[in-house]
Ligand code: GTP
Ligand code: SPV
Ligand code: MN
């Protein structure tokens, strides 16, 4: 008798009419075959899906150019289809599930004609982890099939798991005709289903990532008492060899990957990488918060990545151990056949074509690499990958960092008074938008816990859920807010960032261990000047003052904006958060 999975695949094939159906086993040999198809047969506009790069500099690497309208997440085309609008909340686009399905069914009719339907069984999380989830994605493009192998644990073993339980998350994906008018990324949380059509780009198409591991998983977390968060997970080893695990949320393109594999500027410190984008957080039997990274690879921002900013990522990209590594929408040095992007070490090469394949030189005034150009690479290639990466139980979290990109107002770091105050602080965080999604860049918006585009239900309920989790933790992590992006009057960053961020982590760890005091301000505790390690770094005194300045007079607009944001959630907004808000407003 056909299994639920087989029936589903058959049904989707009847609708989409692919030439072939291919069940992936996740093997190296298979990946090579699929890449071969993208090198020769499939085309996007006038370009093959894959272009082989110089194997000397970046072994096993390929360049992929996406459709020029398809270069980032499409938040305006992303829907969460709960049965009622209130459950989706003002933070999500919503359509009644039946209407959404009708629309998608029409768009999907015959959409795989002439193409292959790849069936990808995969795990989010280590197969032996009690927190892992089994999934199956269908896709009609080699780029997505191969990227899923890098980003997740693809393998036939998953089918065995599924057979026993019939419990898995379904992802249907087709690039359709790439047209924006026929592009939708729709989520059906009550059916464990994601249906995405019209885009081949990362977060719209690699459905294990934001679609499942955040939007659907956050909803599962609400029902099952855990949290799915847009957070990195790191182990910070101090000179005595003690490792402290930290989770940190920052919006897209705001520094997570860089922080996750930092090369610390302070001697004796080491950062171990557990995850760079997503954390699933569970309450352990010991009353602590335990984190796993459900992913198996990095889908990182290329622009700005160099031996100076993120040497461990450059090393990861050059390792060539796991097949393949993919660059998406970077420029190409036509002399050397190497990928190139703004911020990479060395001179600007003289013979470049831009991310669309057009001849390029700096005088054009455009960017050669798309600002959201990315690489897809296995986490196993990372020289700082934590020995705990595959630990089924995850790692115990001692601190949560919540960040944003703020050119002014927000100090480098401050500590919340307690969990409830931390939820209020995180809930009110704002960040300036980046090129990771299709919208105007540099616009300030509220982005609570960096989850605004990823929370799969009403954020009022989400804040309540955070409060409840806090109550159930015997040892809740301390909550800190961070901002690497404050600038001076001329737009220069006040803080050098990257490897120097270890100084902030050191302060945080000392606070966790009650080793040092701090200055109390209305927004939380900020470092006493003497407690931030500044040995070996030269920061003008006035910059330091500015970095930690909490001028409460300047918070007027911010408070109004936070209030307006919270008010959208009406009765679903927890009283406790309003209480914190009121306290804060009165202090002001
Ligand atoms: P997503 O993959 O979209 O989730 O992004 P991310 O949060 O992982 O951001 P990432 O670490 O890739 O950094 C995004 C951009 O911010 C890059 O261009 C980095 O060079 C820059 N960046 C990262 N960390 C710092 C920092 O400490 N200071 C400054 N000034 N820039 C940073
Ligand atoms: C982000 O935008 O947060 C990313 C890239 O990490 S994507 O996979 O598109 O979500
Ligand atoms: Mn990242």
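Each Cβ is built from the backbone N, Cα and C atoms, and glycine gets one as well.
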Site co-member for GTP according to TrEMBL, given 253, 254, 255, 256, 257, 258, 374, 498, 499, 500, 501, out of 288, 405, 406: 405
Same substrate site per TrEMBL - residue from 27, 129, 252, 416 joining 73, 201, 202, 203, 372, 373, 374: 252
Record-annotated Mn(2+) site (TrEMBL): member among 166, 177, 276, 277 besides 210, 230: 277
By Cα-Cα distance, the member of binding-site residues 210, 253, 255, 498, 500 nearest residue 373 (substrate binding site): 253
Candidate recorded positions 254, 255, 500, pick with smallest Cα gap to residue 73 (substrate binding site): 254
Neighbourhood of ligand 2 - recorded positions from 202, 254, 277 with Cβ under 6 Å: 202, 277
Taken over the domain 'Phosphoenolpyruvate carboxykinase GTP-utilising N-terminal' (7-220), the model's mean pLDDT: 97
Separation of alpha carbons, residue 255 (GTP binding site) and residue 201 (substrate binding site) (Å): 20
Cβ-Cβ neighbours of residue 202 (substrate binding site) (radius 10 Å): 23
